[in-house]
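K.L.:
Following this message is one structure expressed as structure tokens.
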């Protein structure tokens, strides 16, 4: 299935007529439906949305960075059930991703169990909806490509710097 191979999720799920080959090794993991967008519960929740998202992103980053070196994190804000709230994490090595998957499947987040799988996705950029990035996607939240929710640049920069510092300190010790 091209959607499963490119995005790690398919709207047909296990009922898809094409094969979803689950990898046994990968640098990428999927945390299915982890992000609970406050706009779903309260459409008037616009004020403070960016701040709440930055807190969520920071919580997730700190958790997964404690399990291995993170290359990138992508959070989907699509509305369709197979993509909504999905968090994609790419680690530096396959071993880090595998260890993180095992650890995260034992965790809870926001009062709900975490569901984590290895992904066939090699490049998150290819799965992004480029039209969404320019506010021109005609499919809206039901698009089958990733509508990426991004943290503030300042937050992303601080988290990356903190991770780099941690890695340097680990090499020194």
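Here the Cβ of each residue, glycine as well, is placed from N, Cα and C on the backbone.
According to TrEMBL, the protein has these features:
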- 1-23: domain 'C3H1-type' (DOMAIN)
- 1-23: zinc finger (ZN_FING)
- 27-121: domain 'RRM' (DOMAIN)
- 123-150: domain 'C3H1-type' (DOMAIN)
- 123-150: zinc finger (ZN_FING)
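Have a look at these and tell me how they're positioned relative to everything else.
P.N.:
If you look at the domain 'C3H1-type' (1-23), the same-chain residues 6 or more away from its ends with a CB under 8 A from one of its CBs are 30, 32, 80-83, 86, 88, 117-121, 126-127, 144-146.
Taking the zinc finger (1-23) as a whole, pLDDT averages 85 in the prediction.
Each residue in the domain 'C3H1-type' (123-150) gets a DSSP state, and the totals come to 11 helix, 4 strand, 13 coil.
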